Amino acid sequence: MEAKLRMEQYTCEFLDHLLSNTIKLQWKTSRRLAIFWRVVDIIHTCLHDNKGISKRDVYYSEHKIATCQRDTDLAIERLCKILSVPRSHLLVIAGPRGIIAGNLQIFFQNGTVIDTKTVSTGVSVPENPQEIKHLSTNARLVLIVEKNSIFHHLIEHRFLEKFPNVILMSGSGFPSQAFSQIVRLLRNYLPMKPFLILVDADPYGIHIAWFHLKSIATRRNFESWIGISLDDVQEANCGANLTLTTRDKVRAKNLLDLFSKVENENDNVTEKLSTELRKMVKRNQKAEMEALCFRSDECECFFCEHYLPKQLKQYIESKE
């Protein structure tokens, strides 16, 4: 709370100087200043809610003005210096680069080889994908899940033993640059294989799904969002839907505005995501993937044993 109070005090002092004309703003610094105060606003909200946020998520919350994550990272560093507090006191974490497991070998220019099949818990996405020499895989599809927790849940329930020709990945929320580079590299190696996205049924998850799909989209339409949806949770009779927050509603509105401007007549994925967003807003509901993991009437994992295999089967059959 001390960091929050310092932030509020600094804001008041800045506004006082600004109104008294003791600070002269220059055009060349106006953009940097706008980014800084937007970052202050984002972090202040997180401190008020007592919720942590990754540096990557700060950037994605303010990527309209900031042209790259470095812009928001510098703003965070500047704020820490001004307040004389470490980044941890602002509840801002560096955040993981992502994790990967399954049917894949990564060969580096220095001779190092990473075989993701040999590490049961998965391996971190390489920090410098540009140092990769080539990839080797017999995978039939790539499955990207939003959360590390779901990634590890699938690993624990031997998902890759049941689907050995799958590459399983998690970007830990919004993907890092390294994660996105790996995904695009995999797309080049697997141009005719499906890349499937699995996220929470909330505006944040839909945003992540759209970001992934936009970055790897091809004319062949081998990319798809496969869930979860509010209807999935309802059909599973889990009764675990949550109410949309004010922030959820704002994000949903912004996304719907964004999707409406996407000029692509064949963009079926964006249309599906828009439909799901409208359902969320209309029902004022959202749901997490964890809601499908365990149902009160079953001992096994419904998500791993029934839901996900069914979604994969339906997708494959739709392409035959």
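From the backbone N, Cα and C atoms, a Cβ is placed for every residue, glycine too.
Automatic, uncurated: that is what TrEMBL annotation is.
Residues or ranges marked as domain 'Spo11/DNA topoisomerase VI subunit A N-terminal' in TrEMBL: 31-92. Within the model, the domain 'Spo11/DNA topoisomerase VI subunit A N-terminal' (31-92) shows a mean pLDDT value of 84, rounded to a whole number.
According to TrEMBL, the active site, O-(5'-phospho-DNA)-tyrosine intermediate annotation covers Tyr60. Close to Tyr60 (active site, O-(5'-phospho-DNA)-tyrosine intermediate) in the fold, though at least 6 residues off in sequence, lie Phe174, His207, Phe211, each with a CB less than 8 Å from its CB.
Summarising the annotation, TrEMBL assigns domain 'Topoisomerase 6 subunit A/Spo11 TOPRIM' to 142-312.
Taken from TrEMBL, the feature coiled coil covers 252-290.
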